[in-house]
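Trainee: Handing you a structure now.
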Amino acid sequence: MGILNKIFGTYSERELRRVNPIVNKIEALDEKMQSLKDEDFKLKTEEFKSRLEKGEKLDDILPEAFALVREAANRTIGLKHYREQLIGGVVLHQGRIGEMKTGEGKTLVATLPAYVNALTGKGVHIVTVNDYLAKRDRDLMAPVYEFLGLKVGVILHNLNNEERQEAYGSDITYGTNSEFGFDYLRDNMVVYKEERVQRKLNFSIVDEVDSILIDEARTPLIISGQGEKSTEFYKVADYFTKSLIAEKDFTIDEKANSAMLTDEGVNKAENFFKVDNYADAENMEIQHHVVQALKANYVMKKDKDYMIKDGEILIVDEFTGRAMEGRRYSDGLHQAIEAKEGVRVERESKTLATITYQNYFRMYNKLSGMTGTAQTEENEFREIYGLDVIVIPTHEPIARIDNADVVYKSEKGKFKAIVDEIVERYKKGQPMLVGTVSIEKSEMLSSMLKKKGVPHQVLNAKYHEKEAEIISHAGEYGMVTIATNMAGRGTDIKLTKEAEEAGGLMIIGTERHESRRIDNQLRGRSGRQGDPGESRFFVSLEDDLMRIFGSERIQGIVDKLGLAEDEAIESKMVSSAIESAQKKVEGNNFDIRKTLLQYDDVINKQREIIYKQRSEVLEGEDLKDQIRDMIRDVVYTAVNSHISGVEEEFETELQNLVNYLEDICLPKALVKVKDISNLSDEEIKEKLLEAVENIYIHKEKEIGEEQIREIERVILLRVVDTKWMDHIDDMDHLKQGIGLRAYRQQDPVQAYQFEGSEMFEEMIYNIKVDTVRYLFHVEVEKAPEREKVAKETSTNYDEDSVKKQPIKKENRIGRNDMCPCGSGKKYKNCCGRMA
């Protein structure tokens, strides 16, 4: 591969050779654009729109349109896209990922493809990681778009429905990944079509694309409503778990991020909860609470995974170190942490709607992204999103010096060396950005520096409000900034003249992250636009990466060398061991994301069907034909499922059939068994259908045509929403227990696909049954009002969607259990069809 790259160039270099002629055309139009009057720019926009309407393609007008934006930016905000930024713009327009280093002006680059694609009138979404960046970028670039005659909006967390509709109605809309995703879900929960805010998803430019499409890919967006379960059991499980002894009663698997009881722990659980067999299916509720309490107490770390603020548990984003206000762990883990920390335990929520970022962003007609670091994940971008990564050349050569890692035996020795390094460089006034992996480590380092008399700023989840301000000063002379991981990402660190002379920004990594990309992001904060700078990572054998995934050989070598805890080794072997540990973890995480996507694709296809059907109900003026189809399906399916063809049982089956339909849509005694006992199955269907349709026609006359159409819409929306919410729960429970199928030599993914499909078919049938039942039993006193079946109480990120424990709903009959009615059939083939 290396030899081929030398001969033909890398993939990016080959692709850039195709882009260069387009960029040459853009640059050649520079003089022409400079000669335009200010009022001509809006006229050019109208001209482009007209050309597109007449059949020209976006690529036909691209060189001229890009040249126009370039001149507009120069006149309005004093910034003119340089060649490399034009290349980046073309790459984004082509629906690819442009890898652009920090400080290369990604915000300005986005104006080029955003303008061109907005000319179609279908809207463009520019996605950032937080509200601050969305508003900042919109405010910075709005003058450019407005000068060109385009409208630009921004979606922020606190906007109401009307403001959101206005922002989405703009030509270009800035916003965060979570706001775009949640608005999509909310749009599919509205009861009037006028309440929807988003248009059809057209073109998206995702800033920090690796953070959103890879780091957060396992994070479903969840809109929750209030659950009914009591919270008392969380406290009981917490009390039990705190009485256990590590290793003896339970073990922790750090790689899987989980904890489980040993045989001795199981015995203790049986005694404590007074049950005979802890593993019994009827004790799943106990198992679930114990597993979550174990995880809360022994796996989840305060000030690393979560923090406490004003008596509330806040999730800390592991990638940015930011506190995620208003987000809760799902599946009872948040409640278990609340019980552990002795704060008020909130009720477990019910999922009303959910989607992952993977599936949300794959719905756009065209998707593109920008980031400083994407190449290490190129395979994943290509395989999951169909996006290739093109490395955009930097405007100035990178002058940053990346030093080799230094490795210490103990964490204590490592931090002593870090402090010594900081003190040494502080003396000469060199600014430093020190990256840590947790709030706890930030604060430990901070107290060590205080003892040495080194003034510094701490940037972590606890001080999120000051984030951008602190980061903007990090390049000043003598400034020391400690930051959790990627806090402050998206804000440039600009050097002062004195800081430049002192050596530029020094990056100190206090630990290697499990992803090389996150390390590269930290490094990339220094050396922007050809600035001087330096970086070095300090590693100890006690760090999580080395301890969990590192090689025992390294530990052996260090032991043989007899190193003191503050002695360092710099060795190629150690560096390559670190890299191979990172590759191992990256591969493992990619596999997890791929597997999760296979599971999520099942419910994603189902979601698309339900949301499409729901949309048709909202949009359609007349549901009469749809309702008549439902009536026919209910009657025909009832006949098919009740009549087995066994002569001796025929009379009984007919009576059961009549009873069943009387419960749904037949008035009592309208059809008697003797009326249909001499008919064939097909004749029975026609006779029953005729009777039911006559009642429907009578009801329509009685209520009035206009009003019954609205009643049908109200009923169908309520039934679809209720059944879909229950189905989400059912699919989640199926997924939680599906891993055990591997013990039966079954492929869990295939089993999930098959059973999930069966459950979906059942749900669709039950939607028809309930819709017909409610419609035939409706009594009208006043015009029906549409209302949501459940009230949204919160939005959520589920940080731990892997290896959840099954929860048992009280007194729930399994689909494959024998039906309690005594028919001798399985529940799913008997009363389960009617449930």
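Heads up, the Cβ atoms here are built off N, Cα and C, so glycines get one too.
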Trainee: Going by the ATP site in Swiss-Prot, where GLY103, GLU104, GLY105, LYS106, THR107, ASP492 are listed, which of the candidates GLN85, GLN521 is also part of it?
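Mentor: Matched candidate out of GLN85, GLN521, per Swiss-Prot for ATP with GLY103, GLU104, GLY105, LYS106, THR107, ASP492: GLN85.
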Trainee: With the ATP site defined by GLN85, GLY103, GLU104, GLY105, LYS106, THR107, ASP492, which remaining residues of that chain have Cβ atoms positioned within 8 Å of the Cβ centroid?
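Mentor: So the additional residues around the site are MET100, THR102, LEU108, VAL109.
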Trainee: Could you measure the widest C-alpha to C-alpha distance across GLN85, GLY103, GLU104, GLY105, LYS106, THR107, ASP492, the residues recorded as binding ATP, and give it to a whole number of angstrom?
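Mentor: Result: 17 Å between the two most distant Cα atoms.
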Trainee: I need the least crowded one of these binding-site residues (GLN85, THR107), counting other C-beta atoms within 10 angstroms of each C-beta.
Mentor: THR107
Trainee: Around GLY105 (ATP binding site), how many other C-beta atoms are within 10 angstroms of its C-beta?
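Mentor: GLY105 (ATP binding site) is surrounded by 18 other Cβ atoms within 10 Å.
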Trainee: Sorted by position, what residues of the same chain at least six away from GLY103 (ATP binding site) have a C-beta under 8 A from it?
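Mentor: In sequence order, the residues whose Cβ lies under 8 Å from that of GLY103 (ATP binding site) (at least 6 apart) are ASP492, ARG528, GLN529, ASP531.
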Trainee: On a count of neighbouring CB atoms within 10 A, which of the binding-site residues GLU104, ASP492 is highest?
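Mentor: Its Cβ has the most other Cβ atoms within 10 Å: GLU104.
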Trainee: Have a look around LYS106 (ATP binding site) and count the other CB atoms within 10 A of its CB, chains all included.
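Mentor: The answer is 23.
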Trainee: Under a three-state reading of DSSP, tell me whether LYS106 (ATP binding site) is helix, strand or coil.
Mentor: helix
Trainee: Determine, from DSSP, whether ASP492 (ATP binding site) sits in helix, strand or coil.
Mentor: coil
